[in-house]
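Each remark here refers to the structure printed beneath this line.
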Amino acid sequence: TAAVNMAEQDRNGREAAAAESSVPLLEKKADGVLYVEGCPGCAVDRRKAANPGIPYGTFIYVWTVTLCTALPISSLFPFLYFMIRDLHVAKRTEDIGFYAGFVGASFMFGRCLTSTLWGIAADRIGRKPVVVFGILSVVIFNTLFGLSVTYWMAIATRFLLGALNGLLGPMKAYAIEVCRPEHEPLALSLVSTAWGIGLIIGPALGGYLALPAEKYPNIFSPDSLFGRFPYFLPCLCTSVFAAIVLISCIWMPETLHKHKVSDDGNQSVEALEAHLIDPKEEVGQSNSSNTKKSLFKNWPLMSSIIVYCVFSFHDMAYTEVFSLWAESDRKYGGLSLSSEDVGQTLAITGASLLVYQLFMYPSIIKVLGPIKSSQIAAVLCIPILFAYPYMTYLSGPGLSIVLNIASVIKNNLGVTIITGTFILQNNAVPQNQRGAANGLAMTGMSFFKAIAPAGAGIVFSWAQKRQHAFFFPGDQMVFFLLNIIELLGLVLTFRPFLAVPEQYERN
């Protein structure tokens, strides 16, 4: 009997030791926060607690990855007019805008179908795997788009590029998670800055580098690769940049916790004790079981997403219209500019966005908050848009100066609005729902942005055929409709529609 008891005790001792070894080691801090050894999210939280400064190194990943996903979205707009012409799908010049709209919409339609799935994946398997796969899709399908030889090939490659590129939603969640709360406005402004710069520098690259055999005949022969594929060079440049970012992401830290967390995203004693009750629990199960509230019932989140979608629709329609309007002939109400001229304007605008977001926006958001700054920006956009059609009366340096000033102001105001909605969205949910919440926002935004280019192209084509109408003739009607959308977004930023997180109630 004694031998049996000793054997039983020895077996129990081995089981206890094995169970103890399977439990993650914890490190307790003075404020009651616990860190799980081996958890990447806890490692990031530990660094944030030890280093109260701005995490510049990690912010570089936020900026470059966001720029990588933004560059291909609108890089085609300066040369899309000429690409549709060269693909010989439009029977009349006035119909080019109609066909161009569907190519622009295909990217956003693809992203609309998959953004929520990518957000859920980011909450289950981590931010980093989703980011890596998204960048890889940019390298592949953006390159193939530049090699398009038919209209349907162009649409198919843009659709797949959008469907497999789920970067923006996880990166907004990632930006919040790598920094302390006091640096969150700067983190999200970096996202919107990189996004805005990508939407400007991308078209600038498209404008300067498309049709290189015509613009730079001393460098590119008509019989060369870039002569036979005149729109490949700008796509290739973007893909090479994406490949460099992809390699650098090997060292990008993961932020998703591999255990349960409290609703505010902190590693509380209770949350970790719940995890230690069943240390074998799967990562996906622990994160999904901690979801307390349906995203669709979270009105502060849903109302901010709706506002975000309306302004995103406006921005995408404006981006499509700006290039088509600037490059169309003056007899149709345009400016008769070349793709290079448009690219130069957009490059100047992109540089201004970087300066504005880094040095001016943080001070504005501290004084006004995300809501009032968005409202003021929306109000100021309306008279600027009304002035665009009357630029046709200008020419030479005067036109260039006025166009650049208007573009700079309009795009900076647009980024102010988008950044404000980013802040509201990410503060309306806990960490374990941020990926899904941002994926949901991307789905809605992508749907609206898919409609925007097609709708803008159709309206632009229709407006060019009514040059002598009594009510807002020609392109005046296009900018009038853009202002209607801007006004609708402005109205939605007020109570009772827009519900905001408690920390922004005073705004």
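Quick reminder: no glycine exception, Cβ is built from N, Cα and C everywhere.
Taken from TrEMBL, the feature transmembrane segment applies to 56-84, 96-118, 130-149, 155-174, 186-211, 231-252, 305-326, 346-364, 376-395, 401-424, 436-463, 478-498. The domain 'Major facilitator superfamily (MFS) profile' annotation in TrEMBL covers 58-501.
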Tertiary contacts of the transmembrane segment (56-84), as residues 6+ beyond its ends and Cβ separation under 8 Å:
90, 96-97, 99-100, 103-104, 107, 131, 134-135, 138, 142, 145, 148, 151, 154, 158, 161, 165, 167-168, 171, 174-175, 178-179, 186-187, 190-191, 193-199, 201-207, 210-211, 231, 234-235, 238, 241-242, 245, 248-249, 252-253, 319-320, 322-324, 327-328, 339, 342-343, 346
Under a Cβ pair cut-off of under 8 Å, which of the recorded stretches 130-149, 155-174, 186-211, 346-364 contacts the transmembrane segment (305-326) most often?
186-211
Tell me, roughly as an integer, the mean pLDDT over the domain 'Major facilitator superfamily (MFS) profile' (58-501).
83
Counting only residues 6 or more past its boundaries, what in the same chain has a CB within less than 8 Å of a CB in the transmembrane segment (401-424)?
172, 184-185, 188-189, 191-193, 195-196, 200, 300, 304-305, 307-308, 311-312, 314-315, 318, 322, 326, 335, 345-346, 348-349, 352-353, 356-357, 361, 364-365, 370-371, 373-374, 377-378, 380-381, 384-385, 387-388, 391, 394, 489, 500-501, 504
Count, for each of 96-118, 231-252, 436-463, the Cβ pairs lying under 8 Å from the transmembrane segment (186-211), and report the range with the highest count.
231-252
